[in-house]
């Protein structure tokens with residue numbers, strides 16, 4: 001590869017990017033009792049700071065209220081009151097306010113449809129979430145400051161961008177979230193939320209990188225004992241060196257997954273890109289939420305399996321979230337599924353993991369367009 005510049009491009013098409021608002025604080029009133037009592041917070045005026053806690057409690061009790069808790073640092077108390085007590089307390093000269101004891105909710109965590117579509121929650125409910133499995137996201141880096149991601153390590157092979165934990169493109173961060181966004185009550189949930197993410201930067205801010213950078217990234221993954229490699233990238237040109245790298249990774253026991261490509265159809269010709277085209281790599285095509293092949297998804301005899309890749313919600317740099325389209329979004333579903341399987345069967349070889357994924361798919365149609373079908377990680381992990 002010396003002296004030969006071969007650039008490889010990202011395999012995703014951005015049809016939609018939007019920031020998601022997850023949940024909101026509710027002002028819903030706690031359900032009232034049959035006698036009309038509801039929960040309130042009664043606050044006292046600053047001029048009453050010398051009044052004893054006992055006397056403040058009496059102020060509420062004398063109006064028919066039932067004090068639940070008197071706060072230590074806030075001059076107020078929670079109480080159960082009926083409408084009459086509320087009116088009388090609002091008139092009391094010692095009372096500053098009487099407000100509803102509103103109900104707040106944890107910010108909602110969304111489970112992207114793709115996670116459910118491949119049956120990952122069934123493994124989660126059994127306690128298998130990817131623990132002790134290392135996944136290398138060979139991509140544009142990962143924004144390690146994102147609250148929905150926990151990045152265990154990484155390296156950069158891009159000479160001009162030496163920080164793997166800074167994603168100047170957004171692609172790698174989005175891919176990482178699909179693999180392993182945390183189960184932390186915010187944002188989104190990844191396929192394998194407890195997997196260990198490693199940011200291996202091989203693509204620059206413009207979404208491209210030389211094959212030599214990718215090969216360096218694969219070698220780093222081998223040397224650092226990664227269990228799974230995800231490459232949501234590809235190019236139209238084959239390379240003996242790139243093939244040797246992925247073959248070596250598989251020979252070393254790594255499950256290697258790559259996007260099939262976003263080249264759609266071209267008559268009866270294969271449009272699957274490299275490295276997905278190599279036999280040692282699991283090439284992943286994209287379907288939508290109805291299991292229909294995405295029009296952009298590459299086709300060919302090298303296509304192995306399908307996974308969700310249309311309007312996939314995931315993490316973005318800057319503590320954001322958004323939806324992307326592409327086989328780049330499908331591939332990390334399979335990488336995450338491999339991590340789930342390995343968390344349940346830590347002694348399985350990469351060959352067993354791949355076979356289990358391919359032999360338990362939901363058949364969707366002609367293998368030229370759909371490979372072996374949609375992965376079902378619940379069945380694959382049996």
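Just so it is clear, glycine is given a Cβ too, placed from its N, Cα and C backbone atoms.
Going through 92, 139, 148, 206 against Swiss-Prot, the one listed in the Ca(2+) 1 site together with 109, 182, 184, 186, 188 turns out to be 148. Annotation: 171 are the recorded positions among 171, 184, 276 whose CA atoms are within 10 angstroms of the CA of residue 139 (active site, charge relay system). Same-chain residues that are not part of 109, 148, 182, 184, 186, 188 yet have a Cβ within 8 Å of the Cβ center of the Ca(2+) 1 site turn out to be 147, 181, 183, 185, 187, 189. With every protein chain in view, the residue among the recorded positions 109, 184, 328 whose Cβ has the most Cβ partners within 10 Å turns out to be 328. One way to see the shell of the Ca(2+) 2 site is to take the Cβ centroid of 276, 278, 281; the remaining same-chain residues with a Cβ within 8 Å of it are 246, 256, 258, 272, 274, 275, 277, 279, 280, 282, 283, 302. For residue 278 (Ca(2+) 2 binding site), the nearest of the recorded positions 148, 182, 188, 328 in terms of C-alpha separation is 328. Neighbour counts were taken at the CB atom with a 10 A radius for the binding-site residues 182, 186, 281; the maximum falls on 281. Neighbour counts of Cβ atoms within 10 Å were compared for the recorded positions 148, 171, 188, 276, and the top value is held by 276.
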